[in-house]
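Engineer: A single structure is presented below for examination.
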């Protein structure tokens, strides 16, 4: 027994084809939107690619761009089929291509679901690649005279000001690295000698942060040096007073920014998937309704349409039986080949 069988007359077939044609062009626009979102996300990642440990994060935007282009092409083709289904003579040339096209639509729907899952799951690998990338980038902050790294200071400063963050996990990360270049240190000064000699690696460490960590909304002038020394500043308590620098770590800020963007794109892809499933089901009804006309020469004759010719269980059983038959024929062909070789020898 066919699954979700519906009887069609000419008027119903025309309404179905026209409505489906309109839905297909909405799907083309949705595909273009997915493409645009993928391109936008890729550009946003490129802006901070120097702060990431690997290029694996570009897999999802590349996938979105490909899926968007495929959606435009597949849906435009489906719209053409629906338009031609209004004329039985024109639709006849699509009969042989309908089954492969419907199978490709099902495969594309599965790809859309995987794409949505990748969008929601990308937050985790993005967190790790940002954690390692920011840690390494902060070490190069002082290398303004080193070819290939001279841009890192500007990149980090712009990132901290734009995302209102400081350091990797928090502002204390700057205490653990030397972010002031040796070029700007007076090695004859006692303070510099003491700080360098007190460190095992001979680095100049201090409880200070770059200027880009300052919060311009704070009423107090920015305190960016000697942050843990209460006596160095008037009416200041490092433990109880709100610092006038950004407390949020840049990894958390960037993950929240890109994660929110990915969630939005993931929801968009899910909505596109629902639309694609709807047009695929509709096209199956158009195909079966046009193929079961009582009198193919009379366009006004009645017909029947369905999603599956048999029930889900029967369809699955038939697929498994065909798969076993194909496997058995392959085994027999292999045995026949070995027998032939043995006879020749």
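If you go along the chain as it appears here, the first residue is 1 and each next one adds 1.
Placement of Cβ uses the backbone N, Cα and C atoms for every residue, glycine included.
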Engineer: Select from 44-62, 63-81 the stretch of residues annotated by TrEMBL as transmembrane segment.
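Structural biologist: That would be 63-81, per the transmembrane segment entry in TrEMBL.
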Engineer: Give the nonlocal contacts of the transmembrane segment (265-286) in its own chain as ranges (CB under 8 Å, at least six residues past its ends).
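Structural biologist: Answer is 6, 8, 13, 16-17, 19-20, 23-24, 26-27, 30-31, 33-34, 37-38, 41, 64, 67, 71, 75, 78, 81-82, 85, 101-102, 105-106, 108-109, 112-113, 115-116, 119-120, 305-307.
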